[in-house]
């Protein structure tokens, strides 16, 4: 009799335990279904649930980037000087500096792609119908600092876009393998089919972009515009904001294109030869082909698909390309000159009224050291709050408010080893704005 009672208690205990487990699983399933409902509904892009605050909150909670430092990013993005000073002081504390992720880290974590994408918080579905219907192409030229590349890719990534990655042939093998491992996790990210050794200020920097252009035109993705990036770039607009800006171009391109100074004219007066670096020769060059006037700009462009097609297929474009191959830093005058060529789609006339400065174009926001100064006295921007490299500002936290006031799509230069706080706050700002459509 005692045994029977014990068995009944045991069975009752098992029953209650099983019921408790069932209820717990039901709650978990309900929460999971709500989460999946928000995600799945957002995929069809017509869901009112996705527009709801609740679903946005769930989405943001799952996609919010983990803060590495306890700094006031909301204050920094709004230009609060106390928050900026605290971030700059925080950045000076060596003990708080985090070592960047290594090639080995990415080789290991990408063995499980789903875990990698979830842990690193990649957005894996379009956030709006407008974005889905307007895919963007990227040519990404990199050679070092694997974490910089992964964070840049994460910041510009959207599944409807297409990304070509060119890795310098001279890069260490472990870096190349880490890049391959990262891009293997995404169906719309690929390595350029032809890789070249990139030498500073030489033709090879242009060739890297041309190789990606060829590959991107072969893609089945109907991209509308091409943006090119390097490893020290970072977006300052969300993908939705980029789509809006590109639509407003209405087929035009956007890149710096100005009359060259006498100093810059010397870049194509004599031929240059390349070994491990660029060497000036005494051989004078012939004038540019087709009596084309030369213009100068920078390496970055926002180019329509039709412009890219004409770069690769138009005989006049090809003649100019051949002519600039032995000049100094051809990326800084090839695109600028093609932007003024009358046969190029989306170009603008030679006339001085159409000169475009780097501040007017939307391609890239850069602080040049020799232009920094007192804005109240006419300087275009205040001094860099980070450090300078080749007379270009590597941004600090004190630059972020100014950066976000500009209309450019991307900015240069960022380096987490110089100031990771500015990148952390920019990442947080962009992710919040992508989900909620509002600033921090």
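Placed from the backbone N, Cα and C atoms, the Cβ positions cover glycine too.
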Write down the residue from 72, 108 that Swiss-Prot flags as N-linked glycosylation site.
108
For which of the residue intervals 13-30, 31-48 does Swiss-Prot record transmembrane segment?
13-30
Site with most surrounding Cβ atoms, counting all protein chains shown within 10 Å, from the disulfide-bonded residues 185, 393, 425:
425
Identify, in sequence order, the residues in the chain of residue 230 (disulfide bond) that are 6 or more apart from it along the sequence and have a CB within less than 8 Å of its CB; answer 'none' if there are none.
140, 141, 142, 299, 412
Go through 73, 164, 212, 384, the listed disulfide-bonded residues, and name the one with the sparsest Cβ surroundings, counting other Cβ atoms within 10 Å.
384
Do any residues at least six apart in sequence from residue 108 (N-linked glycosylation site), in the same chain, have a Cβ closer than 8 Å to its Cβ, and if so which, in order?
none
